[in-house]
Amino acid sequence: MIVVTSFVRNSAVAAVASTPWNVRLRELAYQSLFSESISLYRSMLRSGSSPDAFSFPFILKSCASLSLPVSGQQLHCHVTKGGCETEPFVLTALISMYCKCGLVADARKVFEENPQSSQLSVCYNALISGYTANSKVTDAAYMFRRMKETGVSVDSVTMLGLVPLCTVPEYLWLGRSLHGQCVKGGLDSEVAVLNSFITMYMKCGSVEAGRRLFDEMPVKGLITWNAVISGYSQNGLAYDVLELYEQMKSSGVCPDPFTLVSVLSSCAHLGAKKIGHEVGKLVESNGFVPNVFVSNASISMYARCGNLAKARAVFDIMPVKSLVSWTAMIGCYGMHGMGEIGLMLFDDMIKRGIRPDGAVFVMVLSACSHSGLTDKGLELFRAMKREYKLEPGPEHYSCLVDLLGRAGRLDEAMEFIESMPVEPDGAVWGALLGACKIHKNVDMAELAFAKVIEFEPNNIGYYVLMSNIYSDSKNQEGIWRIRVMMRERAFRKKPGYSYVEHKGRVHLFLAGDRSHEQTEEVHRMLDELETSVMELAGNMDCDRGEEVSSTTREHSERLAIAFGILNSIPGTEILVIKNLRVCEDCHVFLKQVSKIVDRQFVVRDASRFHYFKDGVCSCKDYW
């Protein structure tokens, strides 16, 4: 868009006449009607009115917001012709415009060519913020140092421009230094500055420092609460999110969509369906459904808490569905082993003219894999490049290897890997290793393991997986070899844990842990269930029973299920969330227990959802 082709400088009378234009320009800028603001500016020039130092900041803001560098450069000429280049607010607007258009060198030139700039904190602040927005860490730090050396006062705006640079761990040292300078300079009473430091600490993983700063604040507004809640969520501290959310409500602060996205994500992580349902009702009653981010988080929460019907209901009533919404819903069906419905939704998306991206295809291929739709998955993989002109990435190749591997077509999976146009990465070899575990192919597993640890030598999961493959084949030498490798690397096996919700409280069970308040009752219930399972099996596999008793009887999902049976009404469904893949022994155990107690158990593990009912599992032993 071109602002104007010529600029005529008129008399003082014309400048006075510009005042009503300035009022309207300001209104349009405040309403974010930037295109209309530029059109009005052109009309202003055609009418013979001359812009002044009050006009330029608004129109420059419009050019910056629309990222119109050519129009911005033309305006710069108008500023010079109008003699306004020394006005502080015009200078600041020019610097900001160039920075927002990505022309940081031009912004720096404006700063350096105007001697007045080096005496004004607003000009320094504009340039520092611009460098930060363009990830120019060294330049921003240099300008800050220069600002202090020349005696220009550092204010809260300066800090708000600098702190976002320090939201990655490698620059946390700089952030701590800035925090110290804030305290020394008396800026630590500024709420906006403190909020930015809380966000910085949280994003850098320094959660305790962020929480300490939060606790020290005498007055906490919505933005402050959100900074800590979202920080906990980003660091995987779902328990803390829900606890702080309750404190926030008790303090009288009402949540907004940003709060709810973090809370819904935490409910999804923990499987806290009761709390999630309450938050879902709040979303509906407060009119947040049109917010696509909240609705997407609601879809994920309901689906990951086992309520796929409600997830679909939220999806269906969304007035506007983003590509992320479609991707999430398709992924939900895949996670629940309902790949056929996921593919129907994908077809519906295509018919509506929505173009898929790589992320959608990851979900579609994964859905095919978990539902045994091997040929359909192969067809879609070919269509990805042929029909949609999308180049497959490593994640798509690993999905296809998983697809073939789960179906037992291991030789085809290996041929596919060997024919890949790019070098297979760890995810590809890891998918093959997982398939070898399912189909007990030790020779191919050894090859896949050797390859995968070249890419991910510190991923303990692959060592555990290979050890289990050796265990299944009774290869004691192989087991010891893996243990030696793990010992040499000082690995510790990731502990398994499971969540189960009861009366709005989420209970955590660790494998082998006896710290829960009902541990004695839980273990008595577990003993009774194991006795019933042995009776049901007719002691047909006594040796296996002894092995299971000694190695897996205290796996976390068993403890969680026993707790759920103890604390719920007979016949009700029990939802358990596990961080690792359910082992084969526990999978068999849960199928048998579901028949004995006549219950449905819904278990979400690291792989998918399992619905145990009447002695069978929805995954058809295919996970």
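Note that Cβ sites are derived from N, Cα and C of the backbone, with glycine treated the same way.
What Swiss-Prot says about this one:
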type	residues	note
REGION	428-503	region 'Type E motif'
REGION	504-535	region 'Type E(+) motif'
REGION	536-623	region 'Type DYW motif'
REPEAT	17-51	repeat 'PPR 1'
REPEAT	52-86	repeat 'PPR 2'
REPEAT	87-117	repeat 'PPR 3'
REPEAT	120-154	repeat 'PPR 4'
REPEAT	155-189	repeat 'PPR 5'
REPEAT	190-220	repeat 'PPR 6'
REPEAT	221-255	repeat 'PPR 7'
REPEAT	256-290	repeat 'PPR 8'
REPEAT	291-321	repeat 'PPR 9'
REPEAT	322-356	repeat 'PPR 10'
REPEAT	357-387	repeat 'PPR 11'
REPEAT	393-423	repeat 'PPR 12'
TRANSIT	1-35	transit peptide
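Mean model confidence of the repeat 'PPR 12' (393-423) amounts to 94 (pLDDT, 0 to 100 scale).
Distant neighbours of the repeat 'PPR 5' (155-189): 121-122, 124-125, 128-129, 132, 137, 140-141, 144, 147, 196-197, 199-201, 203-206; these residues of the same chain sit at least 6 beyond its ends, with a Cβ under 8 Å from one of its Cβ atoms. Residues 222, 225-226, 229-230, 232-233, 236, 238-239, 241-242, 245, 248, 297-298, 300-307, 310, 314, 317-320, 499-501, 503-504, 506, 575-577, 604 of the same chain, all 6+ positions outside the repeat 'PPR 8' (256-290), place their C-beta atoms under 8 angstroms from a C-beta of that stretch.
Residues in the region 'Type E(+) motif' (504-535) partition by DSSP class (helix H, G, I; strand E, B; coil) as 17 helix, 6 strand, 9 coil. Non-local neighbours of the region 'Type E(+) motif' (504-535) in the same chain are 239, 242, 270-272, 274-275, 495-498, 545, 549, 553-556, 558-560, 562-563, 565-567, 589, 592-593, 596-597; each lies 6+ residues outside the stretch with a CB under 8 Å from one of its CB atoms. Long-range contacts of the repeat 'PPR 6' (190-220) within the same chain: residues 156, 159-160, 163-164, 166-169, 172, 175, 178-179, 182, 227-228, 230-232, 234-235, 237, 251, 253, each at least 6 residues beyond the stretch ends and with a Cβ under 8 Å from a Cβ of the stretch. Note: the region 'Type DYW motif' (536-623) comprises 36 helix, 16 strand, 36 coil (DSSP; helix = H, G, I, strand = E, B).
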